[in-house]
2 protein chains.
Amino acid sequence: MYKIVSIPGDGIGPEVVAGALEVLNAVAKKHGFEVEIEEHLFGGASYDVYGSMLTDETLEACKNCDAVLLGAVGGYKWENLPHDKKPEAALLKLRKELGLFANLRPAKVYDALVASSTLKTEVVQGTDFMVFRELTGGIYFGQPRGYDENRGWNTMVYERYEVERIARLAFEYAQKRGNAKVTSIDKANVLEVSQFWRNIVHEVHQDFPEIELVDMYVDNAAMQVVRNPKQFEVIVTGNIFGDILSDISGMITGSLGMLPSASIGSEHALYEPIHGSAPDIAGQNKANPIATIASVAMMFENSFNRPEVAGDIYAAIEGALAAGLRTGDIAAPGEAICSTTEMTAAIVARI
Amino acid sequence: MYKIVSIPGDGIGPEVVAGALEVLNAVAKKHGFEVEIEEHLFGGASYDVYGSMLTDETLEACKNCDAVLLGAVGGYKWENLPHDKKPEAALLKLRKELGLFANLRPAKVYDALVASSTLKTEVVQGTDFMVFRELTGGIYFGQPRGYDENRGWNTMVYERYEVERIARLAFEYAQKRGNAKVTSIDKANVLEVSQFWRNIVHEVHQDFPEIELVDMYVDNAAMQVVRNPKQFEVIVTGNIFGDILSDISGMITGSLGMLPSASIGSEHALYEPIHGSAPDIAGQNKANPIATIASVAMMFENSFNRPEVAGDIYAAIEGALAAGLRTGDIAAPGEAICSTTEMTAAIVARI
Ligand SMILES: [Mg+2]
Ligand SMILES: [Mg+2]
């Protein structure tokens with residue numbers, strides 16, 4: 001039995017999470033396992049009831065489950081709150097409390113949507129790699145930091161354990177993917193912190209001799225993602241480089257709004273679409289549930305080690321797309337548009 | 001009269017510089033001005049004669065001229081020298097001695113070569129923007145820096161004067177381009193050094209009220225270059241962000257080997273192609289001289305404030321390409337290949 005905490009959140013969150021849970025129930029039925037789903041408030045939805053974006057109760061629930069599924073948080077309504085009360089601050093706090101040090105984002109091109117990429121079809125079709133971004137260290141968190149009238153400063157720092165644990169996670173994932181090639185991205189020709197990163201990644205690599213490890217400089221990597229994205233299978237990199245590279249990698253798929261993500265720690269994991277809460281279309285049955293449904297697939301791959309379940313979900317998504325179903329965000333001009341519930345039903349029907 | 005120091009350097013350097021000087025003489029004749037060209041050794045070519053990659057004599061000459069034109073440096077022959085004796089170290093020293101704090105790289109798509117981009121023609125055709133990268137500060141130079149067994153660290157730091165001078169350079173360039181839009185790229189939502197960068201850029205912007213200034217986060221900017229490169233006119237950013245963005249920007253043009261660059265300080269300027277010395281085809285009359293010829297065009301735009309001369313050079317390059325001339329690096333499979341001297345002659349003929 002898998003115990004899952006569901007956090008619909010704000011905006012389109014409840015609609016896309018509802019769709020994802022339908023798919024979750026469908027794969028449970030097909031594969032004969034049980035799921036227990038516990039729903040909790042978070043973000044603006046929580047603030048409006050409790051005056052807090054993240055209550056102790058929600059946090060405890062997230063700590064006592066097998067995986068968290070999150071929809072989206074935030075919206076116009078809570079934009080003018082003080083910085084530390086904003087939905088984004090609550091999300092950072094939740095990630096920190098759960099110790100989620102790795103962010104995983106797939107760059108996967110759906111055949112049916114390949115034309116929506118700004119890259120040529122022959123360059124991008126078949127792209128399918130995973131970016132492991134270190135999420136709680138590096139220059140976004142390093143001390144000292146600050147600015148005054150005459151200068152500004154930040155510190156890019158990595159500790160041994162921080163590099164070790166994410167490198168290990170990436171190699172283990174690569175192992176599960178049939179010993180996929182791992183590309184570690186740094187700027188070791190200029191930065192000492194990158195030379196350190198590279199040294200540690202190579203140390204960890206000694207435990208995975210069957211896996212090919214390639215080092216690449218970040219400026220070259222950004223070019224290579226645009227030049228020939230199919231050369232990548234697994235990318236592992238630090239926080240700021242991963243921020244930049246995972247965004248380019250998502251962009252070249254042509255379907256940014258379709259991409260799921262996982263944030264993983266040694267004890268907890270949280271799955272969510274990378275898109276936002278889209279308050280302008282909330283409650284109208286217009287949102288695209290695929291990114292959240294794909295987040296459930298990632299959950300089965302990464303938290304439950306059941307790639308066959310994940311495979312069923314991805315195949316059902318591709319089947320629905322191949323059958324021509326398009327929510328407004330992915331419809332080409334003139335194409336018929338389906339609703340959130342129609343897209344969900346089409347995917348469930350293919351499980 | 002313009003006094004130009006020519007540094008052919010190593011590999012294909014002498015061939016492409018020879019081509020560029022022919023074009024320089026042709027525009028001088030057409031526009032009725034004189035040029036004095038003084039040739040100096042640098043890099044491996046200098047090492048083989050003097051045992052030093054950069055002699056005092058060459059350095060003095062570079063300090064006492066209106067602009068430096070550089071071909072390329074380095075090659076297999078000098079690869080195993082100690083780090084501080086390598087061609088790259090000499091180039092860093094030359095840039096530092098000349099105080100070249102800004103690196104300018106155009107992302108310009110030639111109509112005749114638009115098909116060689118991995119981006120779709122309709123996305124990339126017409127792209128023509130300039131990246132101003134700060135070259136002597138930021139995390140590549142900040143202290144403290146280092147690594148030991150258990151951690152690595154670098155410091156991203158900017159001083160007020162460093163941001164002011166490159167921002168001013170970018171705004172002045174934008175003014176010359178008919179008040180082009182300036183996009184300043186940072187990570188001010190997370191990094192204090194970026195918030196400082198943004199503050200100073202906005203201070204300098206007060207002297208250029210007629211210019212539109214847009215702030216953009218670096219991760220979004222990397223996506224936008226791939227999504228819609230035509231939205232950019234002038235980009236200004238720090239050292240590491242510029243390193244990454246200028247490389248992506250070059251890549252999307254589809255003709256990395258065709259791009260020139262300028263490195264500019266308050267008193268000196270150096271122009272060079274971004275490609276390397278390509279020792280494998282050196283001396284065979286196979287190299288593409290266009291990036292070096294375009295570097296001469298940049299010289300007229302930036303050092304001599306003669307955009308009409310630059311325009312003539314760019315038009316001649318486009319004319320030669322439109323007439324079907326292709327060196328090996330830009331020829332499509334099956335296309336006829338021309339030599340360095342044939343390409344040069346075709347461009348000179350169109351001045
Ligand atoms: Mg980002
Ligand atoms: Mg670079």
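Just so it is clear, glycine is given a Cβ too, placed from its N, Cα and C backbone atoms.
In TrEMBL this protein carries:
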- A:75-88, A:276-288: NAD(+) binding site (BINDING)
- A:Arg95, A:Arg105, A:Arg133, A:Asp219: substrate binding site (BINDING)
- A:Asp219, A:Asp243, A:Asp247: Mg(2+) binding site (BINDING)
- A:3-347: domain 'Isopropylmalate dehydrogenase-like' (DOMAIN)
- A:Tyr140: site 'Important for catalysis' (SITE)
- A:Lys187: site 'Important for catalysis' (SITE)
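In sequence order, A:Leu135, A:Thr136, A:Ser263, A:Leu270 make up the list of same-chain residues 6 or more apart from A:Arg95 (substrate binding site) whose Cβ falls under 8 Å from its Cβ. Proximity to ligand 2 at the level of Cβ atoms, with a cut-off under 6 angstroms, picks out none of the recorded positions A:Pro87, A:Arg105, A:Tyr140, A:Lys187, A:Asp243. Filtering A:His83, A:Asp243, A:Asp247, A:Ala282, A:Lys286 by Cβ distance to ligand 1 (under 6 A) retains the following binding-site residues: A:Asp243, A:Asp247.
By a simple count of nearby Cβ atoms, those within 10 Å, the most crowded of the recorded positions A:Lys187, A:Lys286 is A:Lys187. With respect to Cβ neighbours within 10 Å, the binding-site residues A:Glu79, A:Asp219, A:Asp247 differ, and A:Glu79 shows the lowest count. In sequence order, the binding-site residues near chain B (CB to CB under 8 A) are A:Asp219, A:Asp243, out of A:Gly75, A:His83, A:Arg95, A:Asp219, A:Asp243, A:Lys286. Following the DSSP three-state reduction, the secondary structure of A:His83 (NAD(+) binding site) is helix. For the binding-site residues given as A:Gly75, A:Pro87, the lowest number of other CB atoms within 10 Å of the residue's CB is seen at A:Gly75. Residue pair A:Pro87 (NAD(+) binding site) / A:Asp247 (Mg(2+) binding site) shows a Cα separation of 21 Å. Neighbours of A:Ala282 (NAD(+) binding site), defined as other CB atoms within 10 A of its CB across all chains, total 17. Under DSSP, A:Arg95 (substrate binding site) is assigned to a helix (H, G or I) in the three-state scheme. When the Cα atoms are compared, A:Ala282 (NAD(+) binding site) and A:Asp247 (Mg(2+) binding site) turn out to be 24 Å apart. In this structure the alpha carbons, written CA, of A:Asp243 (Mg(2+) binding site) and A:His83 (NAD(+) binding site) are 21 Å apart. Least packed by the Cβ count within 10 Å, out of the binding-site residues A:His83, A:Arg105, A:Arg133, is A:His83. Here the CA atom of A:Tyr140 (site 'Important for catalysis') lies 12 Å from the CA atom of A:Arg133 (substrate binding site).
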